[in-house]
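> As annotated by Swiss-Prot, disulfide bond applies to CYS43-CYS58, CYS50-CYS62, CYS57-CYS66, with the evidence given as similarity to another entry. Here Swiss-Prot flags 1-24 as signal peptide.
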Amino acid sequence: MKVTAVLMVAVLVLTACQLTTANTTDYVRRIPARKSTMSRRECSESGEWCGLDPALCCGSSCFFTCN
C-alpha cells in the first residue's frame, strides 16, 4: 500500500515537471522578440573567452579562448 502511494506521488511530480517545461518553451515560442534576442549573439574576437563552443568565435576554432 505504501509503495503504491509513493509511486503515485512520483508519477504526479514527474507529470508536473513535464507540464512546467512544456509551458516554458511555449512561452518563449510565442514571443518573437525574446526568441530573436536569445538566438542573436555577437561573435568574440581572438583571445576572448569562448569555453569550448566555436560558435561564439568569429573564426572557427575555440579552445577556452578564440583563436
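Cβ atoms here come from the backbone N, Cα and C positions, even for glycine.
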> Cα distance, CYS50 (disulfide bond) to CYS57 (disulfide bond), nearest Å?
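CYS57 (disulfide bond) to CYS50 (disulfide bond), Cα-Cα distance: 7 Å.
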> Rounded to a whole angstrom, what is the C-alpha distance between CYS58 (disulfide bond) and CYS66 (disulfide bond)?
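With the alpha carbons as reference points, the distance is 8 Å.
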> List nothing but the one residue from CYS50, CYS57, CYS58, CYS66 whose Cβ has the fewest other Cβ atoms within 10 Å; the candidates are the disulfide-bonded residues.
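Selected from the disulfide-bonded residues CYS50, CYS57, CYS58, CYS66 on minimum Cβ neighbours within 10 Å: CYS58.
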> Which secondary structure state does DSSP assign to CYS43 (disulfide bond), in the simple three-class scheme?
coil
> If you count the other Cβ atoms within 10 Å of each Cβ, which of the disulfide-bonded residues CYS43, CYS62 comes out on top?
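Result of the Cβ crowding comparison: CYS62.
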